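Chemist: Next up is a structure, given as structure tokens.
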Amino acid sequence: MSNEEAEGTQAENENSSEAKPETGIVPTATGATPAASGAPESRRDAVREKALLVSAQQKRSRLIWRSVIGVVVLALIVGIGFVVTNVVAGETGKPLSEPKNLVNGGFVVDVELVSAPTSAGNGTITTPTPTPEPTAEATDETTGDAVPEPTPTAEPLNVSIYMDYHDADAAAFQVANAKQLAQWVRDGAITLTYYPIATVTGQSNGTKYSVRAMAATGCVATYSPDHVFAFHHELLATQPPLETEGYTDAELADLAIAVGADKPKQIRACIEDETFTAWAKKQTDSVAGKKVGESKVKLDGSFLVMVDDEKYVGSPENAAEFAQAVLKASSDAFYGTPSPTPSPSDGATETPAPESTEVPAPTEEPTPAPGT
């Protein structure tokens with residue numbers, strides 16, 4: 001080797017030895033350098049970070065959409081629930097409410113109610129002059145015999161009447177018995193309670209007259225309780241035939257005002273808005289097919305009369321027959337037994353009969369009585 005070649009080789013070795021500390025490059029098995037391998041790792045980190053950001057954004061988007069969908073679904077559920085609630089409550093969009101001045105869904109007829117004058121004309125209950133002692137009511141209309149009345153110490157009978165305002169028997173009973181019922185209330189012989197029901201609603205050509213009439217009674221009971229008996233009587237005395245539309249809401253309001261009800265504007269609004277139709281349905285459902293009071297009798301129809309927990313089974317339009325049933329119940333309650341007078345002679349048991357038969361004699365002619 002020549003001197004020039006040796007010097008060139010030495011120079012190359014020096015240059016390579018000087019370059020190593022500056023670059024720090026160390027040969028590897030693959031021939032890659034740390035600088036060269038770090039670049040791909042940084043790119044992968046960047047890609048990974050970007051992917052995480054994209055994934056987070058997608059998650060947020062999905063959460064937002066789910067929230068929006070949830071709100072929409074909830075709004076739909078609330079809206080549907082509101083509509084269903086209103087339909088169930090009254091099919092008229094009215095809130096469920098109950099009338100005032102009712103007792104277990106019925107209205108008690110007291111002396112003030114039966115004495116309230118009416119101006120409706122047809123079917124009006126006139127107010128007779130009060131008398132301290134019963135006269136015509138103490139006489140059986142079929143036989144003319146006098147019937148003993150309970151003494152003032154006897155408890156009054158409980159007469160409860162369940163009726164649909166579109167039931168023909170209910171109308172016949174009311175027209176036939178209204179005056180004697182009113183007189184018995186004045187005399188303190190009975191407590192009288194009417195329980196309106198709506199069981200023939202489907203027999204009014206789609207107008208649901210039974211429900212509307214019952215609801216109208218609730219309106220009168222709420223705003224003019226002193227006239228509820230008069231209105232009740234007029235509904236039955238002027239009852240539209242079954243299988244007809246019945247009175248309109250406006251006509252029901254007119255009838256309530258015609259009997260002299262107070263607060264006519266409130267009553268008209270209450271009736272025409274059908275405020276108590278939901279109550280009428282609910283009340284009917286609560287008693288229909290169930291036992292009445294403490295008796296074993298079930299309300300399985302649209303008309304029922306109970307006298308001291310006993311069902312009246314006579315003719316609804318025969319006032320004398322009903323009077324006999326009431327007076328018999330009164331006698332049974334007064335004497336404590338439904339059996340006839342015992343056979344052993346006891347002056348106390350036989351005395352009332354002659355006295356009772358003499359009750360109408362002073363009001364008739366006294367001379368024919370001894371001759372008979």
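Placed from the backbone N, Cα and C atoms, the Cβ positions cover glycine too.
Because TrEMBL annotations are produced automatically, they should be read as predictions rather than curated entries.
Source: prediction; values computed, not measured.
Straight out of TrEMBL:
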- 27-40: compositional bias 'Low complexity' (COMPBIAS)
- 344-362: compositional bias 'Low complexity' (COMPBIAS)
- 363-372: compositional bias 'Pro residues' (COMPBIAS)
- 158-287: domain 'Thioredoxin-like fold' (DOMAIN)
- 1-43: region 'Disordered' (REGION)
- 118-152: region 'Disordered' (REGION)
- 332-372: region 'Disordered' (REGION)
- 63-84: transmembrane segment (TRANSMEM)
Chemist: Could you tell me the mean pLDDT over the domain 'Thioredoxin-like fold' (158-287), as a whole number?
Modeler: 96
Chemist: How many of the residues that make up the domain 'Thioredoxin-like fold' (158-287) does DSSP mark as helix, as strand and as coil?
Modeler: 81 helix, 15 strand, 34 coil
